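*Asks:* Checked TrEMBL, it gives:
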- 25-81: domain 'Mur ligase N-terminal catalytic' (DOMAIN)
- 108-312: domain 'Mur ligase central' (DOMAIN)
- 110, 111, 112, 113, 114, 115, 116: ATP binding site (BINDING)
- 219: N6-carboxylysine (MOD_RES)
- 336-461: domain 'Mur ligase C-terminal' (DOMAIN)
- 385, 409, 410, 411, 412, 459, 463: meso-2,6-diaminopimelate binding site (BINDING)
- 409-412: motif 'Meso-diaminopimelate recognition motif' (MOTIF)
Ligand SMILES: CC(=O)N[C@H]1[C@@H](OP(=O)(O)OP(=O)(O)OC[C@H]2O[C@@H](n3ccc(=O)[nH]c3=O)[C@H](O)[C@@H]2O)O[C@H](CO)[C@@H](O)[C@@H]1O[C@H](C)C(=O)N[C@@H](C)C(=O)N[C@H](CCC(=O)O)C(=O)O
Ligand SMILES: Nc1ncnc2c1ncn2[C@@H]1O[C@H](COP(=O)(O)OP(=O)(O)OP(=O)(O)O)[C@@H](O)[C@H]1O
Ligand SMILES: N[C@H](CCC[C@H](N)C(=O)O)C(=O)O
Ligand SMILES: [Mg+2]
């Protein structure tokens, strides 16, 4: 693509004079490590690195033009703009020819339930023989090709490239998790969402968003973006959890039609008469005055909310309700979310990704609903993440689990014992167990387990690593639980 096509909308005509507009651009990147030949490099000022400081490396590797907002000295043409993040979103859309406009795009935001809801949506569309794509915490997936991901919501260039590849692969629907960090950092700017779903909002990430109000404002950005449609004739929908006060506070801010779902309020999609079992949950869906019996393989009240979000989202995307309901009954659970560890023992071990106070509360409530005896909870809190959730998560475990074993999650660059001090400092000694080494904590829980107990290992779900310092070590809660079970049977 010619440089002119990419950058003309960004600059005023008098700044164009010394830019060779017919330069051929084969790649647009924001990371020097990805530069090859014929690249347009965009300088982004980040938290750790200022892209303007490393631009020389980009040029040496083959960048032929640069977009910058701070003065730089390089031998290739520089297009100066006010905001390189905004420019990147615009250029990315042009370079990949706006793939999000060519498919159904469903964005899911909220503190908890994004991965589950996107993967439920994905299973519904696949069950109807659609080719689908997913972008989220666990992976990016293009039909059956699984690509690794660093962030839940990648940077905009990675996303545009992935969506472009989805179009080439024939994908018609993409379900995408949209994190609050991404919304604030412009990682989804310019994407044309057809449906935006809000799951819930509860305490997390306050190290980044500072207050719940700011965090809610970040989530609301997805819904204001819904108004910036490329094609105003295309219907757009917001799908909102009406049981969540933040969800209800969004109503007046959303210009698009809203579909609501709920277990407690009047709503478009309402679940009643829940029957929570060990291997699945039944409920009655009330929609437009009609009642539909639903039986699904997912366990827990919170998963009914995720199912409602997916049902309403698929409906908003144009699928008939009857078709959605036949598929939702078939969906399997999501890896690392209330996942039962296969084991031949008379107690149950469940691995779950609860890493927020609300997530932990929900998952412990679900475990309590199905337990025959005690719930033994193994949980820690991640380092370099919201410290204010630590003592709250410990309190949640203390009040809802019968036995609490506090341990490390991903300590990252923090001292694991300092994290545990923040979790347990206020608790009465002797009322809980504290074991820094997660492997040993899991072994302790399994050794303590008696007939009918549930061991809930929370926080890391599908993660197959533990981040200590900046190094990722292989660590998988399911494998660790199985090894601990094997050891007690020997
Ligand atoms: C705190 C935060 O959000 N950081 C994000 C941010 O990184 P950053 O500002 O530190 O970037 P940086 O390293 O300073 O680099 C700045 C610029 O220089 C470039 N660079 C950098 C180094 C180099 O050698 N050459 C180079 O060109 C970079 O490509 C970038 O353009 O921008 C990066 C690119 O988009 C993100 O990958 C990164 O996410 C980090 C890894 C992260 O851990 N983020 C978490 C907090 C996060 O975003 N989580 C949410 C999910 C939360 C949830 O669901 O609950 C997510 O969406 O993943
Ligand atoms: N609707 C919900 N309400 C409250 N808690 C939930 C809900 N859905 C899932 N959870 C809890 O949150 C955990 C994470 O679920 P999920 O991975 O679907 O959320 P997420 O929003 O994608 O999280 P992340 O922010 O890490 O991407 C689950 O393991 C469960 O403990
Ligand atoms: N998306 C969340 C995941 C947290 C997972 C937990 N295991 C941790 O490391 O804190 C985050 O980046 O905060
Ligand atoms: Mg997720």
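Cβ from N, Cα, C; glycine included.
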*Asks:* Between residue 115 (ATP binding site) and residue 459 (meso-2,6-diaminopimelate binding site), how far is it from one CA atom to the other, in Å?
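*Replies:* Approximately 14 Å lies between the Cα of residue 115 (ATP binding site) and that of residue 459 (meso-2,6-diaminopimelate binding site).
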*Asks:* Which entry in the list of binding-site residues, 111, 116, has its Cβ near the fewest other Cβ atoms, using 10 Å as the limit?
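*Replies:* Comparing Cβ neighbour counts within 10 Å for the binding-site residues 111, 116 gives 111.
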*Asks:* Determine the Cβ neighbour count for the residue listed as 'N6-carboxylysine': the number of other Cβ atoms within 10 Å of its Cβ.
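*Replies:* Excluding its own Cβ, the residue listed as 'N6-carboxylysine' sees 25 Cβ atoms within 10 Å.
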*Asks:* Could you give the mean pLDDT over the domain 'Mur ligase central' (108-312), rounded to a whole number?
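*Replies:* For the domain 'Mur ligase central' (108-312), the model's average pLDDT rounds to 94.
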*Asks:* With the Cβ under 6 Å from ligand 2 as the test, give me the qualifying entries from the binding-site residues 115, 411, 412, 459, 463.
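*Replies:* Once distances to ligand 2 are taken from each Cβ, 115 fall under 6 Å.
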*Asks:* Same-chain residues six or more away whose CB lies under 8 A from the CB of residue 112 (ATP binding site)?
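*Replies:* Those within reach of residue 112 (ATP binding site), by Cβ under 8 Å and sequence separation of 6 or more, are 199, 200, 202, 302, 354, 356, 358, 359, 362.
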*Asks:* Can you tell me how far the Cα of residue 385 (meso-2,6-diaminopimelate binding site) sits from the Cα of residue 111 (ATP binding site), in Å?
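*Replies:* Cα-Cα, rounded: 14 Å.
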*Asks:* How many other Cβ atoms sit within 10 Å of the Cβ of residue 110 (ATP binding site)?
*Replies:* 27
*Asks:* Take the Cβ of residue 411 (meso-2,6-diaminopimelate binding site) and count every other Cβ within 10 Å, whichever protein chain it belongs to.
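*Replies:* Its Cβ has 23 other Cβ atoms within 10 Å.
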*Asks:* Quick check: in three-state DSSP terms, what is residue 115 (ATP binding site)?
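*Replies:* Helix, per DSSP.
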*Asks:* Enumerate in sequence order the binding-site residues 110, 116, 409, 459 whose Cβ-atom distance to ligand 3 is under 6 angstroms.
*Replies:* 409, 459
*Asks:* Filter the binding-site residues 111, 113, 114, 115, 410, 411 down to those with CB closer than 6 A to an atom of ligand 4; keep them in sequence order.
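*Replies:* Correct list: 114, 115.
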*Asks:* Tell me which of the recorded positions 110, 111, 113, 116, 219 ends up closest to residue 412 (meso-2,6-diaminopimelate binding site) in space, Cα to Cα.
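*Replies:* Spatially nearest to residue 412 (meso-2,6-diaminopimelate binding site) by Cα position is 111.
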